[in-house]
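Worksheet: one structure, shown below.
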């Protein structure tokens, strides 16, 4: 896999690709992940995060989360096995959007994926030596140059023997990989099994909805097409926290927001500047192009008959 930069050069360090918020969009719902080892698990998780609305962590992508600590870091690296608070916020925002409705629809397709081993974590099924073999081939094994505790952040593997032996970084060891006497890897750290047992064996609790909130005041961006009257919306929300799902419990079924349209004529009459549809598209693409130099500052409205897609914009690609 590779990408072509602005100069036409091929960059082969890319191991995954996914459009941000592509999930449930028939044209963009797929992700691509490259690899033949357990490192691919982290790549696939990262790309699925993009598809579900997550941006990279870090100020360069408009958020405050550390860019070198979590799954949504721009690069692979040691200890990046958990999700940041920013990723959670992006995900919750996406799940609240009408676009995410397809996630509530059962898939008609079957899968040939291996069934998980009951009561066992992946690292208990595939030990550190096997993880190295899968990454670097037969004869590879966990490196003796690092302590057992260090493998949870980054597993190193030895290949060859004697003067021909070389140590390579692989990936953070899988959850449940042994990292010492009565210790295993959890969330990128080596912890005592007893400390983690309560979390793993906790009672399964399904989520429940809170009460609906009152509708918000009428609001509108005053985007208009020709002489059409201005329309706004009023929103009422509820949360899946009564109780929150825990220990693998089911998330609440149904939508977490309901919307009513309202007459926004008075609001927009007080606006200092009414925004026409073409201006809204240009403003949106101008902001997008500031973050992605492959985009033009021009675009078009997403072609759809769905009301929920009314504000979707396609920005033109350069070239």
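Using the three backbone atoms N, Cα and C, a Cβ is placed for every residue, glycine included.
Just so you know, TrEMBL annotations never went through curation; they're auto-generated.
According to TrEMBL, the domain 'Peptidase M12B' annotation covers 14-107.
In the three-state DSSP reading, residue 46 (Zn(2+) binding site) counts as helix. Within the same chain, residues at least 6 positions away in sequence whose Cβ sits under 8 Å from that of residue 46 (Zn(2+) binding site) are 16, 71, 72. Sequence annotations record features per position, and here TrEMBL assigns Zn(2+) binding site to 46, 50, 56.
Sequence annotations record features per position, and here TrEMBL assigns active site to 47.
Cβ contacts within 10 Å of residue 47 (active site), excluding its own Cβ and spanning all protein chains shown: 21. In sequence order, 18, 19, 20, 22, 31 constitute the residues six or more apart from residue 50 (Zn(2+) binding site) in its chain with CB-CB distances below 8 Å. It is 10 Å from the Cα atom of residue 56 (Zn(2+) binding site) to that of residue 47 (active site).
For the recorded site, residue 56 (Zn(2+) binding site), the DSSP three-state label reads coil. Listed in chain order, the extra residues whose Cβ falls within 8 Å of the Cβ center of the Zn(2+) site residues 46, 50, 56 are 16, 18, 20, 47, 49, 54, 55, 71, 72, 74.
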